[in-house]
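Following: one structure in structure tokens, then a few remarks.
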Amino acid sequence: MSFLKKSLLLILFLGLVSLSICEEQKREIEEDENENEEERNEASEMKRYAFGYPSGEEKKIKRETEEDENENEEERNEASEMKRYAFGYPSGEEKKIKRETEEDENENEEERNEASEMKRYAFGYPSGEEKKIKRETEEDENENEEERNEGSEMKRYAFGYPSGGAKRMKRKPVEEEENHVAGSKMKRYIFHLMDGEVKKI
């Protein structure tokens, strides 16, 4: 983190140095242009005297006004730069670095996603979409099962079909009746044998 901070400060410092150099070159170019302008003005002044054009004093006043405006613009730019340092507003270079960092993070995220996708294909791990489809399929099956159960319950109420509990209750008395009949048969058989023995004696 400290290395990144130092790198950012170094880049920012180099950017400011480059900016100051550019401003110095711009000022020199403007001075050269002003000198050329003065030379042209002198030539024009001679024409003005000859043809009655406005004097060079008026152009000088206009040029000084433009120079004052340029100086005010530079002062505003310097004040804005000081505000960025004071309040932590990012400069153009910092914004560029931040944007490049975000782009690198997005690329790394895409690479991780591609690597995960390759692992899924290689080892058969279900992707997020497949898990979602499987979960939705299971939910649909559960809903269909519940609907079938509700439909069966409605049929039982409508047509008098016994439910599982009712079938079990109905089957129990039948079993008791069968046991009772079997017991009666055994009793009759025993007493019949005894009656035959008595008659034989």
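Positions of Cβ are set from backbone N, Cα and C atoms, glycine also.
Here the candidates are Ile21, Ile190, and Swiss-Prot annotates Ile190 as D-allo-isoleucine. Below 8 angstroms of C-beta separation, residues 63, 67, 70 of the same chain, each at least six residues beyond the ends of the compositional bias 'Acidic residues' (30-40), sit close to that stretch.
Around the Cβ of Ala158 (D-alanine (Ala)), 8 further Cβ atoms fall within 10 Å across all displayed protein chains.
Here the candidates are the modified residues Ala50, Ala122, Ala158, and by Cα distance the one nearest Ala86 (D-alanine (Ala)) turns out to be Ala122. All protein chains included, Ala122 (D-alanine (Ala)) registers 8 other Cβ atoms within 10 Å of its own Cβ.
Counting same-chain residues at least six beyond the ends of the compositional bias 'Acidic residues' (138-148), none has a Cβ under 8 angstroms from any Cβ of the stretch.
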